[in-house]
């Protein structure tokens, strides 16, 4: 097994180099002056000249790439001039908010998609099946930023059930003691109920918005792989042995049906990261996503570049983790 | 004699193609959902073309006296914070959204198909370089990569479109690669080689037409996705500049008014995005049911593969 993991890590090296290569060359091949992007379009020519020298833009391209990689290894992702901090420290302060949001939406998506997918497969053509089909059809064509605004209109402006879409907590409470940076968990650990209520209330709507895309895809995947598994011989055998239908579905079929679903989780993480940019912006969620939108509006490229790199790395390592877990659960795939 | 047989084999590939396409159109028109999809798209294209005739208002000129009026007989979808008629703006905006979706997919389709065909047919070092580079692009989440590309070119409708098309390329490369790998072992390709056809002729005249079906399905479904990504880019401020009436940008402009209860500024452009994506997705689903060999064989009428 250790050998398998090592081999997979080895295969990842060229992909990692490629990812770094692409994020670097996005700023160099495409038209547009990186110095102009960093200094802003208003910058005078002398400033630009100095900046080009400082950034090493006058060096040959391969040297620039080399220096870029060296800086990455030192954790230097560049400087965000619109905040006045290094990109690394901005990410560090904002990452917990994003992790909290993505985790919550991940949980919501699974909590809804798994049962819906199972029911839709075992009771084909039932109401649940039809609703989930319509839902996933709608989910694929409704932009999440629009859904977010409509939910805010209904649940905040009209019904007033949800707090104002302005960040993680209301004005009346201060953040819980910093342990993990995730307000829900921190307030639970310190048993700070008023903050916990606030944190959950603020988290719910953005997490639902972020979860919808994933929910639609996973429920359809669970359904189709359940259908495939249920038609196989071992399920018929299990039924013929007189095992309860419930146990056939939950023990024999589900475990096998979940494996294909597991493989798409890396892709799903990518969807979440892209979606976080949009969702956080709308809910003024102080995470990495809204930071990226601020950077876009300020034409500050270093954070965008770092985020692009980071999201590709997260996806690659998620895929690796998924493959390893898959190999642990189902040894057949290790011998390819 | 052998040469005649080989020629017959080669030409068979194209006559089969024609026979298939007649059946495909008949099957497709009998699919009610994809006809609804087609209708939706026709409505949007008609609105885009006829916008100046349909509406007495300007999509750009402010009309401060009528700002933020709710939907009424004179303003079907209400007016925005500058008093501009939302219906007019949506009708004018249809061309940006539909056009950028279709054009972006057209670019990624063409580039992707050619690269995939080359990688699949010639293989070797060139083929594996192409495929590895595509793997690298696929490591990025679509929206994030599109954002990075659009931001590095600089905001604008064209740069958003380029960004969306670059993000789409790898999928077509992979599909075409797989198709070409399958087809290059077929008899009619061998026959084409036997009668001395050039590689480029075999590839683009004989393999390509036979490989197109799944690519066309993918492209139709891809237009919806392209519209989704490009409207997100516009929403984030990476696309058109105000006052241009692009749907995603309209939602961004109306964002702050949702809290104070002016729902119509945001609602209608969103419905416009959703229905246009739905239209392309329904057509794509219908095409897939008709064209995808796997689904067809499962439904019983297994024909030539």
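Note that Cβ sites are derived from N, Cα and C of the backbone, with glycine treated the same way.
No curator has checked TrEMBL annotations; they are predicted automatically.
Summarising the annotation, TrEMBL assigns transmembrane segment to A:9-30 (among others).
What TrEMBL lists as domain 'ABC transmembrane type-1' is A:95-326.
Here TrEMBL flags A:101-122 (among others) as transmembrane segment.
The annotation transmembrane segment is assigned in TrEMBL to A:134-156 (among others). Here the transmembrane segment (A:134-156) has Cβ contacts under 8 Å with residues 162-165, 205-206, 208-210, 212-213, 215-217, 219-220, 275, 278-279, 281-283 of the same chain, all six or more residues outside its ends.
Feature annotation from TrEMBL assigns transmembrane segment to A:199-218 (among others).
For the transmembrane segment (A:253-278), the residues of the chain that approach it from at least six positions outside its boundaries are 98, 101-102, 105-106, 109, 118, 121, 144-145, 148, 209-210, 213-214, 217-218, 221-222, 225-226, 228-230, 235, 287-290, 292-293, 311, 314-316, 318-319, 322, 325-326, 329-330, judged by C-beta separation under 8 angstroms. Residues or ranges marked as transmembrane segment by TrEMBL: A:253-278 (among others).
Here TrEMBL flags A:304-329 (among others) as transmembrane segment. Counting only same-chain residues 6+ beyond the ends of the transmembrane segment (A:304-329), those with a CB under 8 A from a CB of the stretch are 1, 4-5, 8-9, 12, 15-16, 19-20, 22-23, 26-27, 72, 77-78, 87-88, 91, 259, 262-263, 265-267, 269-270, 273-274, 288, 292, 295-296.
Sequence-distant neighbours of the transmembrane segment (A:101-122) (same chain, 6+ residues past either end, Cβ-Cβ under 8 Å): 128-129, 132-133, 182, 184, 203, 206-212, 214-216, 218-224, 226-227, 230, 249, 254, 257, 268-269, 272-273, 276, 279-280, 285, 287.
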